[in-house]
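Trainee: Features from Swiss-Prot:
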BINDING   GLY9, ALA10, GLY11, GLY12, ARG13, MET14, GLU35, GLY99, THR100, THR101, ALA123, SER124, ASN125, PHE126  NAD(+) binding site
BINDING   ARG36  NADP(+) binding site
ACT_SITE  HIS156  active site, proton donor/acceptor
BINDING   HIS157, GLY166, THR167  (S)-2,3,4,5-tetrahydrodipicolinate binding site
ACT_SITE  LYS160  active site, proton donor
Amino acid sequence: MTLKIAIAGAGGRMGRQLIQAVHSAEGVELGAAFERKGSSLVGTDAGELAGIGHLGVAVSDDLESQKDKFDLLIDFTRPEGTLEHIAFCVANNKKMVIGTTGFDENGKTAIKAASDKIAIVFASNFSVGVNLVFKLLEKAAKVMGDYCDIEVIEAHHRHKVDAPSGTALSMGEHIAKTLGRDLKTHGVFCREGITGERKRDEIGFSTIRASDVVGEHTVWFADIGERVEISHKASSRMTFANGAVRAGKWLENKANGLFDMTDVLDLNNL
């Protein structure tokens, strides 16, 4: 049976890429596309919006009216909107792939609670390469982490509204967990003025926002006399869109539970 997918935030940069990814993938079809209430894009054909021609799926601002047209919702929007969509999906037994970043602890708790009822893949980054980098960071941290300074440097386009990026935070969390540290107490997100000498157990973060950078992340493991850098650079949002569709297909036979791309890609068995 073909998996029917809906896209939230269909008119955004990521939403349009997701429409393209669904259209080009095997075993899935676009069932619905959504925009915020009152958007000028409501009624527009989703395929024409994404530049791939007429698909016969009109953008809607009402999930309830479209609920019989999709099995799974892919959501890369804003935390407040995603939380509303989660409530709808729980009430209507719809699976979710969530790529929204910037959730506070209450938001993360809501996602975990929802996963008791429905199947969710929630990840800060859906790139296969980035998720492989997570595993490489764990290995590097295990070998070098207690003997070097660790810094996470990330760059994104000028329109990104949260900092550091969800991916950068995930990188820090993978490193911290490997080293038995708590990122909340060991993460350093701002340095200015007289900061004093750097502590060995800090995990530092630096953020760049400029132009149209899709996404770049580099982690330094810096020791005296040498430095190891692990980097990932994305040149197109399609890498994230294709990963999200892959995650959706992986969820097809899952009834409930909270998963991430480590599960989708089976990286724990590397």
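The backbone N, Cα and C atoms fix where each Cβ goes, glycine too.
Locate each feature and note its surroundings.
Mentor: Taking a C-beta cut-off of under 8 Å and a sequence gap of six or more, GLY11 (NAD(+) binding site) has these contacts in its own chain: GLU35, SER39, LEU41, THR44, LEU49, VAL59. Classification of GLY11 (NAD(+) binding site) by DSSP places it in coil, neither helical nor stranded.
DSSP assigns ARG36 (NADP(+) binding site) to coil in the three-state reduction, placing it in neither a helix nor a strand.
Taken residue by residue with DSSP, HIS156 (active site, proton donor/acceptor) is part of a strand. Long-range neighbours of HIS156 (active site, proton donor/acceptor) (same chain, six or more residues apart, CB within less than 8 Å of its CB): SER165, ILE208, ARG209, VAL213, VAL214, GLY215, GLU216.
Sequence-distant neighbours of THR167 ((S)-2,3,4,5-tetrahydrodipicolinate binding site) (same chain, 6+ residues apart, CB-CB distance under 8 A): THR101, SER124, ASN125, VAL130, GLU154, GLY215, HIS217.
Every protein chain considered, the tally of other Cβ atoms within 10 Å of the Cβ of LYS160 (active site, proton donor) stands at 16.
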Trainee: Closest of the recorded positions to THR100 (NAD(+) binding site), Cα to Cα, picking from ARG36, HIS157, LYS160, GLY166?
Mentor: GLY166
Trainee: Compared by Cα position, which of the binding-site residues GLY9, ARG13, ARG36, ALA123 is the closest one to HIS157 ((S)-2,3,4,5-tetrahydrodipicolinate binding site)?
Mentor: ARG13
Trainee: Closest of the recorded positions to ALA123 (NAD(+) binding site), Cα to Cα, picking from ARG36, LYS160, GLY166?
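Mentor: In terms of Cα distance, ALA123 (NAD(+) binding site) lies closest to GLY166.
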Trainee: Note down the number of other Cβ atoms within 10 Å of the Cβ of ASN125 (NAD(+) binding site), including every protein chain shown.
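Mentor: Here the count is 27.
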Trainee: Considering Cα atoms only, can you say which of ARG36, LYS160, GLY166 is the nearest neighbour of ARG13 (NAD(+) binding site) among these recorded positions?
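Mentor: That would be LYS160, nearest by Cα distance.
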Trainee: Would you mind sorting out which of ARG36, LYS160, GLY166 (the recorded positions) have a C-alpha within 10 A of the one on GLY9 (NAD(+) binding site)?
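Mentor: Matched recorded positions: ARG36, sequence order.
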